[in-house]
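Swiss-Prot has this to say about the protein:
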REPEAT    90-131  repeat 'TNFR-Cys 2'
REPEAT    133-167  repeat 'TNFR-Cys 3'
REGION    222-305  region 'Disordered'
COMPBIAS  241-262  compositional bias 'Polar residues'
COMPBIAS  276-302  compositional bias 'Polar residues'
REGION    318-339  region 'Disordered'
TRANSMEM  350-370  transmembrane segment
LIPID     Cys368  S-palmitoyl cysteine
Amino acid sequence: MGTRASSITALASCSRTAGQVGATMVAGSLLLLGFLSTITAQPEQKTLSLPGTYRHVDRTTGQVLTCDKCPAGTYVSEHCTNMSLRVCSSCPAGTFTRHENGIERCHDCSQPCPWPMIERLPCAALTDRECICPPGMYQSNGTCAPHTVCPVGWGVRKKGTENEDVRCKQCARGTFSDVPSSVMKCKAHTDCLGQNLEVVKPGTKETDNVCGMRLFFSSTNPPSSGTVTFSHPEHMESHDVPSSTYEPQGMNSTDSNSTASVRTKVPSGIEEGTVPDNTSSTSGKEGTNRTLPNPPQVTHQQAPHHRHILKLLPSSMEATGEKSSTAIKAPKRGHPRQNAHKHFDINEHLPWMIVLFLLLVLVLIVVCSIRKSSRTLKKGPRQDPSAIVEKAGLKKSLTPTQNREKWIYYRNGHGIDILKLVAAQVGSQWKDIYQFLCNASEREVAAFSNGYTADHERAYAALQHWTIRGPEASLAQLISALRQHRRNDVVEKIRGLMEDTTQLETDKLALPMSPSPLSPSPMPSPNVKLENSTLLTVEPSPLDKNKCFFVDESEPLLRCDSTSSGSSALSRNGSFITKEKKDTVLRQVRLDPCDLQPIFDDMLHILNPEELRVIEEIPQAEDKLDRLFEIIGVKSQEASQTLLDSVYSHLPDLL
């Protein structure tokens with residue numbers, strides 16, 4: 001029992017100890033959170049207002065209040081106070097607001113649409129009046145003009161819109177356009193062969209194909225025992241030719257010693273395809289007059305490539321006294337579709353011909369590549385392998401020199417190394433900056449720490465190693481790392497160097513002299529110290545004088561998160577916003593147009609009526625923003641910061 005009681009007592013004491021430790025940890029965590037909240041409370045007061053709110057200065061107390069914005073289609077009729085919320089009212093007729101706002105009156109709608117324009121969007125509480133040209137017209141030089149009408153033989157290539165005219169093109173081969181139009185494209189010619197018809201008249205760019213029935217001889221269901229029917233595409237008529245069993249007058253049927261051969265002949269002056277009138281056929285030698293009945297004249301007008309000759313086949317008369325039988329028979333022909341094979345239409349065979357041509361080209365390319373590769377394998381490389389290795393090593397050795405020249409800024413005949421400038425300022429923070437830039441490990445950082453005596457030497461070697469290690473190293477990344485570690489003072493020094501307003505110590509920014517200007521700069525090693533650092537006086541070439549330092553990265557350098565410093569050129573003229581920062585914002589806005597109205601709405605409570613009138617008279621939004629920078633920049637630093645906060649909140653791409 002004593003042992004059991006002692007164990008229970010020990011467990012209770014352990015549980016009390018664990019509870020005390022847990023309570024102590026919870027209390028410590030709460031204290032740490034409270035400390036962090038007190039640290040971050042002061043910067044949070046300077047951050048921009050939350051979305052959906054605006055700042056208002058109470059005229060009675062002078063206190064800056066944060067009020068909720070009014071929704072789109074309304075305006076603030078009464079601002080909020082310490083005791084009441086803001087009051088919103090609907091926009092009156094003829095005014096509008098597109099976004100939630102904190103303005104005291106709505107924007108006026110645009111003027112009514114001039115004739116002949118029509119309204120796409122009417123003037124409403126949420127939208128401004130928008131005018132467009134009516135259908136069939138497009139806007140040109142502020143007026144509406146009718147769409148161009150494509151003439152005959154031309155078709156619409158691109159349909160016209162409200163802002164662009166119609167584009168016409170001449171009808172290609174196989175297409176036509178027979179009416180002037182501003183909406184119709186070229187139509188394809190009628191496929192006569194596909195409809196089992198003949199092309200009577202080929203089409204042009206202005207007319208369609210003229211199709212007709214095919215000419216053939218029908219032998220089914222004849223009207224009589226000796227009748228042949230002719231079909232023509234234009235003259236659908238039937239001509240009956242009497243049978244040869246008809247016994248004309250004056251012909252002796254008992255004459256068994258003579259034979260008659262009746263055949264139509266085509267004279268040299270008559271075009272093929274016509275059947276001349278043969279009224280009689282005489283046999284002068286025998287003295288017997290044999291006449292045939294006069295058949296009706298048949299005239300056929302066909303295309304030049306369809307010509308037919310009607311031939312009357314001869315018949316033999318039997319000597320036994322029977323009636324002679326002379327029948328008119330059509331020549332034996334194949335199926336009418338056989339005529340289609342006489343004409344080669346390239347449009348029908350063009351697709352598979354193109355496919356065959358591409359396959360042939362592909363085969364030729366493969367064969368040539370195989371032959372070339374086989375020759376290369378047989379001959380071997382043209383150069384000695386050792387020479388190739390030497391060239392590769394030379395290219396690698398030249399890379400650090402090019403990277404190093406990238407970071408040199410020429411000023412007053414001296415080459416100033418930006419990396420050395422940063423290394424001289426960051427001090428012991430170079431470790432954090434180097435790890436941020438390269439994602440380096442502690443082992444790599446320790447290598448630089450053991451190889452040099454001073455912090456600026458370690459920082460310079462680490463930054464050089466960063467530029468050589470990553471070819472994508474840029475000034476924007478370096479500035480981002482400096483801001484990440486709250487070294488805006490170094491960024492301002494770089495700005496001052498570019499603006500030529502800061503007196504720098506040239507002995508600290510001198511470049512190390514290399515033994516030979518042509519020898520490649522080796523990769524900085526942690527075990528080698530930088531010695532013999534002297535001032536490098538370099539006269540830049542005309543190309544170096546004309547080119548801008550870090551042309552593609554000037555915008556990130558000049559884009560700051562606070563108002564201007566006293567060293568900037570524009571601040572000396574009395575403005576709290578630097579010219580570089582303003583130009584950066586305006587350049588970005590002009591390159592990528594966006595809606596700037598929310599920025600103007602945020603600044604209305606700072607502008608007086610005269611300044612507001614001046615800004616409203618400017619037509620272009622970018623010019624309005626430029627003027628707004630000039631007006632707000634000379635008011636106060638707080639107003640300038642409010643404008644910058646509004647710009648960065650509504651244009652997040654600038655960050």
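Just so you know, glycine gets a Cβ as well, placed from its N, Cα and C.
Residues 52, 54, 56, 67, 69-77, 137, 139, 144, 595, 597-598, 601-602, 604-605 of the same chain, all 6+ positions outside the repeat 'TNFR-Cys 2' (90-131), place their C-beta atoms under 8 angstroms from a C-beta of that stretch. DSSP labels the residues of the repeat 'TNFR-Cys 2' (90-131) in these numbers: 0 helix, 12 strand, 30 coil. Counting residue by residue with DSSP, the repeat 'TNFR-Cys 3' (133-167) contains 0 helix, 15 strand, 20 coil. A helical conformation is recorded for the residue listed as 'S-palmitoyl cysteine' in the three-state DSSP classification.
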